[in-house]
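Below is one structure, written out as structure tokens; comments come after it.
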Amino acid sequence: MPRALWTAWVWAVIILSMEGASHQASSLSCDPTGVCDGHSRSLNSIPSGLTDGVKSLDLSNNEITYVSNRDLQRCVNLKTLRLGANEIHTVEEDSFFHLRNLEYLDLSYNRLSNLSSSWFRSLYALKFLNLLGNVYKTLGETSLFSHLPNLRTLKVGNSNSFTEIHEKDFTGLIFLEELEISAQNLQIYVPKSLKSIQNISHLILHLKQPVLLVDILVDIVSSLDCLELRDTNLHTFHFSEASISEMNTSVKKLIFRNVQFTDESFVEVVKLFNYVSGILEVEFDDCTHDGIGDFRALSLDRIRHLGNVETLTIRKLHIPQFFLFHDLSSIYPLTGKVKRVTIESSKVFLVPCLLSQHLKSLEYLDLSENLMSEETLKNSACKDAWPFLQTLVLRQNRLKSLEKTGELLLTLENLNNLDISKNNFLSMPETCRWPGKMKQLNLSSTRVHSLTQCLPQTLEILDVSNNNLDSFSLILPQLKELYISRNKLKTLPDASFLPVLSVMRISRNIINTFSKEQLDSFQQLKTLEAGGNNFICSCDFLSFTQGQQALGRVLVDWPAEYRCDSPSHVRGQRVQDARLSLSECHRAAVVSAACCALFLLLLLTGVLCHRFHGLWYMKMMWAWLQAKRKPRKAPRRDICYDAFVSYSEQDSYWVENLMVQELEHFNPPFKLCLHKRDFIPGKWIIDNIIDSIEKSHKTIFVLSENFVKSEWCKYELDFSHFRLFDENNDAAILILLEPIDKKAIPQRFCKLRKIMNTKTYLEWPVDETQQEGFWLNLRAAIRS
């Protein structure tokens, strides 16, 4: 019994483990190229069943705690492995041994407390390694990265427990494109720890305090291109000139991101610019200046310039004591060599005239997303200000008058590129004055409704996208590039206005078509972006766009952004794929063919009507319909005649001289209705026939060869037949005046054939001795 229980328990464990493995494998989604996505699936282990077909595996943001030797042993072709943001605390020694093709490994933000070089000893192809955010204190007792000759990006450290950097830590790394070290609580830096790396393109340091910053600079200043300092409080920073004054430096760019300065530490940073002579570019991003800008008492006057700094970028600068800030006149002399200045989102409302005049080498000035207005711009662009300025960016400020803005910039004689986008100009005056060398103008997102001759004729590049323009009719003879997307244009501009245009971007308007002739009229056009419009996919438009193989070289967003808006059955389809029917594309030909077919049909109908008496049948149909509208049975008081006599005019002698004499002069007499005598003059003959038949008790048909040839006799026969069959009575009396062969009766007298087949008829005897009996039978038939 215990053995049976043990066996059952083992099988239950096996089944549950198989179900778990199946569930985890199903948590992965893999495409045919071997890219598997399993991030954010609440996995607690690496799914089993992974094969050599997996090229990329993303298991980030799960609950994985352990990586074993078997988990990835079959993934020999794996190139990308993401295990970040898990709970991994243990990685077995040979877990990555089989991943010889691995190029990207992310183990960041786990719970690894110890790092082992054995993890990486077979990863010769590894180019990217991220170990940030784990809980280790050091990078291990031996060199971690000595077996990674192709490593180009390395991220190590954490914000709390990583406290030591030793000389062995980066041994074996010769060249890195990017090295990021998160060491906010760094306490020990052994000199020359970073010196083993002969070349670093970009070093990112997260340091809370600058205590060890100079020691690190000493080691890297000769092998580094760009140093980025993040999340650092430089209040106590002090630069020692003796440290690096005699060393060959290669640092070209300094970036301070989320760094705090004081007036004193800012001066120390400026000293650094002087002594690290290779620095060409300095960037301050989201920094805070905890001071009032009073540098006069801080020996700043002994610094003559900012070294070789040519580019200065400041974004989102915070100055808590802004309203106590000094005029910065003490730093004016330092700016003479600066060529490019960017100050974005820093609440700048004025550049003092004196500072503008000191910026004698300035070629590029970007004051985007600030508070500049025409009133302050007048002071900033004063006489002799920015004498060599070529590009001025005033995007998203508080400018309102285009005319005034142009006049204020007349002092900038070398200005050729002006960006005043995202200002609320709303309207444009008829005339404006601009610097004489203006070649580029950006007026996008300025809410203008129309363009006027205010724009300078010297323009080569014009951007008026994202406005309310519904037409473009300006003559700009030198314009080469036009950006006019996101407006309300209904057609392409006239090419005669823009004779040298080579680039036009006119997407997201309400253009519904353009033709080959329009494109050909732009003789120098090389690039056209016209997608996102509401195209009417007419036959001509489709023929042009689908038939021009070279069109794709001009239309840069072809074919993805070109979609039909109408006709409705192709709406949403790509213009390249839309197809119209023959009737839509050749309407004139189809209409002509239809008319010809209709004419032939009418002609054929006419021939058939003539051949088969169609016109006669139509007349009879009309007469029958008229008869159908009459009451089905006349009331008794409307019966005026004993019999209506239907006969041919050629048989009138027999009817009038024999029948009338025998019936109307008999005692009691019969009252007959004859068309010659009793039809009402002026009344339509069809109505006379119908009324006479309906007012007669019987209808007598005098049949002869002449009868079957008579049209009116046929009408009378039809109406009588209507009463005979539709009213279900016995009103018809047939008199055969002469023998008639039934086969000789025309087909159109079908009713006569039916009556002769269904009713007994009286035959007029030639023998006079039998004629008395004929009249007796006829009188009896009328009375019945």
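Heads up, the Cβ atoms here are built off N, Cα and C, so glycines get one too.
The structure displayed is predicted, hence computed values, not measured ones.
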Motif 'ATG16L1-binding motif' according to Swiss-Prot, located in which of 167-184, 275-292, 761-778: 761-778
Disulphide partner cysteine [Swiss-Prot] for Cys36, chosen from Cys30, Cys75: Cys30
According to Swiss-Prot, the disulfide-paired cysteine of Cys382 among Cys353, Cys432: Cys353
Tertiary contacts of the repeat 'LRR 7' (200-223), as residues 6+ beyond its ends and Cβ separation under 8 Å: 157, 159, 175-186, 189, 191-194, 229-234, 236-237, 239-240, 243-244, 247-251, 276
Average pLDDT across the repeat 'LRR 7' (200-223), rounded to a whole number: 90
